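Peer 1: Annotations per TrEMBL:
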{"type": "REPEAT", "residues": "184-218", "note": "repeat 'PPR'"}
{"type": "REPEAT", "residues": "289-323", "note": "repeat 'PPR'"}
Amino acid sequence: MFVNVRRLQNSFKVHWSSSLSSSQTLIPKFFNEYYYSSDSSTRSFDYIAQFLPSNDGTLKLISVNSVTTNDRRRVSVGLSKAVKLPQGYVLKGLSRNFCPFLLVKIMKLFECRETAFAFFKLAFKDDSEETVKSCCVLAHLLAAEQLRFLAQDIVSWVVARIGPGRSKNLAAFMWEGHRMYESDFSVLNTLMRAFMKSEMHFEALEILSKMREVGVTPNPSAISILFRLLIRAGDCGAVWKLFGDVVRKGPCPNNFIFNLLILEFCRKGWTRIGEALLHVMGKFRCEPDVYSYNIVIHANCLKGQSSYALHLVNLMIANDCKPSIATFCTIIDAFCKEDMERRRMGIDY
């Protein structure tokens, strides 16, 4: 199959030619309120729209807010390359209807996660039940193609569009039909990350409960994100409940999880809780590292407790943890701000 792209005055025509069919043309129409002018001499259009789904044969209205300028540039360059490929015929098929099976083929043509995701946002017609279910199928297909990060992007974007109420139905639909495409862990991990990205921590906790129910263990990175979300929401009860669940059922807390907890508690102003976590790390076979100490030291310095921060530095050294340059810079900066030049010069290196 051969594809020719020609510019005719202010428009583009994409000609598809094949030995099995006669030449067909996707002729752009002047449709977009953002690009339309009543003066025929200044008419213009968004040529990307001719590649987007349309059930009634008219070109899709594109909002300038749907994607960024950089995303539009990515899609434009990607389409200019895709129409020249042997598989470019799928673009013509998608222009007739929002089909997840065709869309996944097109997204694979871009060979770039960001470009593929930008094209999806342009192709997304509405948030009707039919379209949302098609997006769920699309996410399944991408996961089956080992494109799980792109699948997570799509589910996250749809969840943010439809809100928490309808998202529960989306989660149920994805769970019911996932076995043809992906594992239990894969679909639940996608849903959990989608809810967390949309800052829906209650829904994310429900997905975690489902994981426990079916016997799969979440990734430590996903647990870390959920901890951060709960602390920022101020739900301390849920934080400690989740911590107990992780200790009992896994994944086993590691230094990264502890450091994240210490950091988030200190950011909220709960320095004593952060320090308490630092002291109990050993009970979970984790030793505080330089990052653990630096976080607590910095938090105390921000509160004007530089003397106690210096005590933590000494404790750090006593526990065979070597201070970093950042450690000393933090202490020196705090003493200088408190106009304690004498103590700054008296630090024992």
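We number each residue from 1, going along the chain as drawn.
Including glycine, each Cβ sits where the backbone N, Cα and C put it.
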Peer 1: Using a Cβ-Cβ cut-off of under 8 Å, list the residues of the same chain that are 6+ residues beyond the ends of the repeat 'PPR' (184-218) and lie near it.
Peer 2: 139-140, 143, 148, 151-152, 155-156, 158-160, 164, 167-168, 171, 174-175, 178, 225-226, 229-230, 233, 235, 238, 242, 245, 249-251
Peer 1: Per DSSP, what is the residue tally for the repeat 'PPR' (289-323) in helix, strand and coil?
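Peer 2: Counting residues by DSSP class gives 26 helix, 0 strand, 9 coil.
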Peer 1: Can you check how the pLDDT averages out over the repeat 'PPR' (289-323)?
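Peer 2: Summarising the repeat 'PPR' (289-323) by its mean pLDDT gives 91.
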Peer 1: Within the repeat 'PPR' (184-218), count helix residues (DSSP H, G, I), strand residues (E, B) and coil residues, in that order.
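Peer 2: Helix/strand/coil tally for the repeat 'PPR' (184-218): 28 helix, 0 strand, 7 coil.
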